[in-house]
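Novice: If you scroll down you'll find the structure; I have some questions about it.
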Amino acid sequence: MADRPRIRWHILVFLAPAVLVYSAVMIFPLFNTLRLALYTEVERERVFVGLENFRTLFFDPVWAEQFWNALGNNFWFFLIHMAVQNPIGIALAALLSHKRLRFAALYRSAIFIPTILSFVIVGFAWKLILSPIWGIAPSMLDAVGLKSLFAPWLGREGSALTTLALVSVWQFVGIPMMLIYAALLSIPEEILEAGEVDGITGTAAFWKIKLPLILPSIGIISILTFVGNFNAFDLIYAAQGALAGPDFATDILGTFMYRTFFGFQLQLGDPHMGSAIAGAMFAIILVGVCLYLFGIQTRMRRYQL
Amino acid sequence: MNKARSKPVNALAMHGALILYTLIALFPVFIILINSFKSRRAIFREPMALPDAESFSLIGYQTVLKQGDFLLYFQNSMIVTVGSLFFILLFGAMAAYALSEYRFRGNTLMALYLALGIMIPIRIGTVAILEMMVATGLVNTLWALILVYTAQGLPLAVFILSEFMRQVSDDLKNAGRIDGLSEYTIFFRLVLPLVRPAMATVAVFNMIPIWNDLWFPLILAPAEETKTLTLGSQVFIGQFVTDWNAVLSALSMAILPVLVLYVIFSRQLIRGITSGAVK
């Protein structure tokens with residue numbers, strides 16, 4: 001009786017609910033979506049067409065134009081986050097982690113507030129503020145003598161995407177700030193003191209000691225930003241609608257997929273093309289995550305603290 | 001000497017930079033809130049002024065309460081958020097316990113499988129999720145949302161909680177076993193209370209994205225009776241675009257619950273992030 005290892009049922013009971021829900025609602029649909037991308041609908045019948053949908057997506061004049069436009073916009077969206085959000089986040093964290101800074105907790109909590117607001121609130125609030133009808137933005141610029149700079153940024157093709165990216169930066173700067181702040185606090189005092197003995201203080205200490213030590217956290221932030229940006233949707237949808245106007249200037253992969261899959265106005269919804277776009281998004285995110293895991297993370301020097 | 005003199009200037013510059021950024025962060029929220037209490041004329045004439053006796057008006061809030069069913073939306077958001085958190089924590093903790101406590105074949109593989117979802121957004125599978133919800137008749141129910149958010153939250157929950165459960169002392173659990181407690185009792189009575197701080201961290205991490213999500217309510221539960229607050233305010237504002245009082249009031253009403261939650265949980269949230277729970 002005791003010879004054979006008996007099944008430890010409790011392990012199964014503990015694991016089952018999580019594994020079932022996760023498999024059924026996340027993993028299975030993920031693969032099912034990738035499978036659906038290989039089908040199309042002909043006279044209400046689902047027909048297997050192989051990679052035909054992807055060919056349409058990448059090369060058909062009508063689809064390809066939209067797809068590459070959305071992809072290009074998405075990369076620009078991501079670049080703005082990397083170039084603006086993360087440096088500001090790091091700078092704020094560096095200021096906040098300064099010893100003997102008063103009110104640090106207060107600043108930290110206040111700066112994090114936009115991050116907790118929903119995209120709907122953020123999108124509309126900025127839409128109102130930037131609206132030429134209301135005139136908050138122009139009158140503020142007027143106050144500093146820069147009124148001539150004002151333009152209806154959200155309504156212009158050339159500036160709408162950048163404006164929205166900056167709004168998104170405004171919203172999410174709290175996340176890199178917090179993560180870098182945590183990383184900076186975990187740097188042992190002795191290291192900084194050793195630097196001080198060698199005459200490295202202030203800004204030099206930041207660039208020469210702290211920054212190399214927080215590089216792993218910067219890597220994590222970059223990949224989080226990447227994944228977040230390439231499945232972004234809500235802010236664009238809340239501010240510009242599913243058509244991502246003006247003239248698709250703010251269209252990114254998330255809004256493109258929504259429009260394709262759900263249909264909008266005269267365009268009928270097409271779940272199979274929607275799946276194909278989802279497949280492309282999946283591939284992009286996978287490539288990004290793999291690049292990070294195998295290319296960056298393993299090569300990054302980790303200092304034993 | 002030189003060093004001593006530069007210190008106050010430095011501190012001043014630091015406070016200046018931080019105050020400037022705090023203003024940038026809070027200004028839009030502030031503008032929305034103050035203007036929601038003003039009459040239409042005052043909104044346009046003096047957008048930056050605080051509401052005073054003359055410009056004070058609640059007309060926007062009246063429209064919102066009359067036209068939109070915000071109480072219902074709020075209730076839906078509450079049910080979805082609390083329900084999802086409950087399942088994320090319960091199922092997540094159970095799975096985390098199984099993975100951290102017992103050695104069995106496939107343990108590492110199972111941990112890796114569950115960790116996959118940390119990096120891959122669940123939105124990619126939306127087409128098939130909708131198809132499944134339609135097939136099971138769950139579309140336009142709050143259950144659809146609860147299931148999706150539970151699945152979305154589990155990977156990170158299992159990851160964080162199993163880290164913490166490894167730290168629970170073996171002696172305690174073994175003492176329980178010697179006393180004849182079942183594995184279930186050990187988990188629920190001994191281990192769960194000890195990892196409560198980690199559970200709170202997981203809850204706070206998941207709460208805000210679930211509450212704020214627009215994508216899944218829009219796709220899985222757009223019916224009037226199942227609208228969440230986020231979707232409800234999005235639709236309402238879309239319909240009342242030209243009624244500035246109503247839009248500003250609806251925005252303020254959407255901001256308020258999150259702000260209250262934040263004030264209650266901000267310490268937990270910030271401690272959670274800074275304690276390296278997401279390393």
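From the backbone N, Cα and C atoms, a Cβ is placed for every residue, glycine too.
According to TrEMBL, the protein has these features:
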- A:71-294: domain 'ABC transmembrane type-1' (DOMAIN)
- A:12-31: transmembrane segment (TRANSMEM)
- A:75-96: transmembrane segment (TRANSMEM)
- A:105-126: transmembrane segment (TRANSMEM)
- A:161-184: transmembrane segment (TRANSMEM)
- A:213-236: transmembrane segment (TRANSMEM)
- A:274-294: transmembrane segment (TRANSMEM)
Novice: When you check the transmembrane segment (A:105-126) against the transmembrane segment (A:274-294), do you get at least 3 Cβ pairs under 8 Å, counting only pairs 6 or more apart in sequence?
Specialist: no
Novice: List, by number or range, the same-chain residues at least 6 past the transmembrane segment (A:75-96) whose CB is under 8 A from its CB atoms?
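Specialist: Distant Cβ neighbours of the transmembrane segment (A:75-96) are 104, 107-108, 111, 161-162, 164-166, 168-169, 172-181, 183-184, 206, 210, 214, 218, 221-222, 225-226, 229-230, 232, 252.
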Novice: Should anything in the same chain at least six residues away from the transmembrane segment (A:274-294) have a Cβ under 8 Å from its Cβ atoms, list it; otherwise answer none.
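Specialist: Same-chain contacts beyond the ends: 30, 33-34, 36-37, 53-54, 56-57, 67, 71, 219, 222-223, 226-227, 230-231, 253-254, 256-257, 260-262.
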Novice: Cβ under 8 Å to the transmembrane segment (A:161-184), counting only same-chain residues 6 or more beyond its ends: which ones?
Specialist: 73, 76-77, 80-81, 84-86, 88-90, 92-94, 96-97, 108, 111-115, 117, 119, 122-123, 126, 130, 153-154, 210, 213-214, 216-218, 220-221, 224-225, 228, 232, 235-236, 239-240, 249-250
